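Accompanying notes for the structure given below.
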Amino acid sequence: MAENDPEEEIILSELDDTELVEQMFDDLYDGMREEIEEGVRILLDRGWAPYRVLTEALVGGMKIVGEDFRDGILFVPEVLLAANAMKGGMAILKPLLAETGAPTIGKMVIGTVKGDIHDIGKNLVSMMMEGAGFEVVDLGINNAVESYLEAMEREKPDILGMSALLTTTMPYMKVVIDTMVAEGLRDDYIVLVGGAPLNEEFGRAIGADAYCRDAAVAVETAKALIARRHNSLAAG
Amino acid sequence: MTDALSKLLAERDWLLADGATGTTLFNMGLTAGDAPEFWNEAHPDRIRALYRGAVDAGSDIFLTNSFGANAARLKLHDAAPRARELSRLAAELGREVADAAGRPVVVAGSVGPTGEILAPIGPLSPALAVEMFEETATGLKEGGADVLWLETISAPEEFRAAAEAFANVGMPWCGTMSFDTAGRTMMGVTSAEFGRLVETLPNPPRAFGANCGTGASDLLRTVLGFAASGTERPIIAKGNAGIPRYEAGHIHYDGTPELMADYAVMARDAGARIIGGCCGTTPEHLRAMRAALETQPVGPRPTLDRIAGALGGFSSESDGLGEDGPARVRRGGRRRG
């Protein structure tokens with residue numbers, strides 16, 4: 001695999017913008033954190049706005065990673081490495097984005113439901129959502145309804161994400177949604193659910209906005225639902 | 001010294017393993033969020049009934065109720081220090097039921113995954129994983145398990161850590177991975193890669209194979225992948241009873257006893273020697289599987305078309321082996337490593 005011929009060594013700063021962004025897509029794909037950090041700095045030095053670096057270089061690259069994960073070309077280890085590289089770039093951009101008051105793509109609170117300790121799928125969703133530019137607040141495993149409600153009150157997210165990996169814990173998602181309905185909070189949030197034993201029918205039956213088959217689908221769904229929400233708010 | 005499993009394997013062409021543990025326990029009243037392993041202490045009668053269900057249905061091997069009895073998973077229930085004790089109890093109850101069976105029945109001490117990702121990608125150090133597996137394995141050995149049975153693993157690092165722990169306690173063992181993502185494990189391991197991994201271990205398992213995953217069809221495709229490698233090591237097939245479906249307000253597995261009987265015969269014809277079920281597989285399914293294995297003559301290795309025709313289609317086009325799998329054409333340039 002490795003073609004490390006020194007003559008072919010790529011000097012990022014010598015690439016033009018288009019080539020550099022393409023190279024960053026490859027470097028994200030390969031989980032090369034230092035190269036991503038370098039690429040981000042070069043683009044900033046060339047006068048790119050932080051928001052443009054985020055959306056065009058990083059989010060663009062993670063989109064490819066997400067698609068190949070969905071299609072069975074990449075698997076969990078590669079996605080975790082790519083997400084780690086993405087985080088390196090994000091660490092540079094985050095303070096700049098805050099300074100420039102760039103629009104945020106959205107915010108999500110996510111956690112595995114009560115009784116369930118599985119967090120690999122939930123972690124993947126967190127990382128892919130961050131990779132897509134969302135702000136993610138991860139509540140970890142074993143969350144009771146109170147824990148979700150407190151976090152929503154505190155964080156004011158656009159999206160609530162719930163994960164369950166057991167047929168025995170997935171019904172708890174309905175407990176959370178029913179409580180949100182009872183307290184009049186349900187319509188304030190987009191509710192996404194996921195986990196191996198779930199399917200679309202289940203998502204609909206418990207009153208979620210959508211079931212997401214995997215982390216890549218979660219990102220696509222989140223973007224689509226946020227866009228729809230903004231449109232309806234604008235129209236309303 | 002010959003262990004009980006090797007002895008049975010030497011005498012018989014195929015062995016019937018057991019079915020679902022979780023499904024059965026939930027039918028007995030286990031509630032969401034409870035650790036099934038606590039029942040080894042709180043409801044030993046129900047655990048005996050679980051084991052007897054398999055034995056009475058004709059299983060030659062059954063797995064103990066210790067799948068989640070490791071420190072990483074028991075931590076959620078504030079019971080991390082109890083891994084060894086709960087494992088021992090699981091095996092003791094199993095020993096009791098097996099010894100009363102009136103025929104040789106193997107008590108296989110179930111060892112499930114930690115649920116964490118190992119270093120370097122994840123936070124769990126291999127040394128700590130070995131330590132956790134060793135606690136569980138020690139308890140199962142003390143309780144009288146004949147063999148240890150590692151199952152539902154997706155990462156090679158975790159499989160190796162468990163093997164090392166089993167070497168430390170000096171127990172024979174079997175090991176299966178779950179191939180549930182486009183024909184591979186969640187971590188991307190193909191059937192062929194798993195077959196090679198097993199042979200690189202200093203203490204290879206008595207038998208290896210696949211459990212759980214997607215449906216019975218996918219599992220058999222994985223078994224065909226093992227067999228194609230020409231391995232001499234006995235192959236294990238423990239597939240789910242179909243696929244879980246949400247219908248009319250509840251979840252059920254769509255695999256009938258008849259379907260699982262077809263699955264069992266095809267698994268044997270595909271090259272598996274230890275055949276059982278996983279999620280959704282009840283004693284009724286096991287009875288049908290046993291009857292079919294005893295009455296139906298050995299046939300040719302099933303083709304993928306025949307498997308799909310009898311058991312339903314596959315969840316992905318490819319099993320990740322060969323050149324026909326999905327791939328991305330890239331820009332080129334440098335690569336990692």
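Backbone N, Cα and C atoms are what each Cβ position is placed from, and that goes for glycine too.
Feature annotations, reproduced from TrEMBL:
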DOMAIN    B:3-293  domain 'Hcy-binding'
BINDING   B:Cys212, B:Cys278, B:Cys279  Zn(2+) binding site
REGION    B:298-337  region 'Disordered'
COMPBIAS  B:328-337  compositional bias 'Basic residues'
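The Cβ centroid of B:Cys212, B:Cys278, B:Cys279 marks the Zn(2+) site; residues of that chain outside this set whose Cβ lies within 8 Å of it are B:Ala20, B:Thr152, B:Ser178, B:Asn211, B:Gly213, B:Lys238, B:Gly239, B:Asn240, B:Gly277, B:Gly280, B:Thr281, given in sequence order. Counting other Cβ atoms within 10 Å of each Cβ, the binding-site residues B:Cys212, B:Cys278 show the lowest value at B:Cys212. Taking the Cβ of B:Cys279 (Zn(2+) binding site) as centre and 10 Å as the limit, one finds 23 other Cβ atoms among all the protein chains shown. This prediction places the mean pLDDT of the domain 'Hcy-binding' (B:3-293) at 93.
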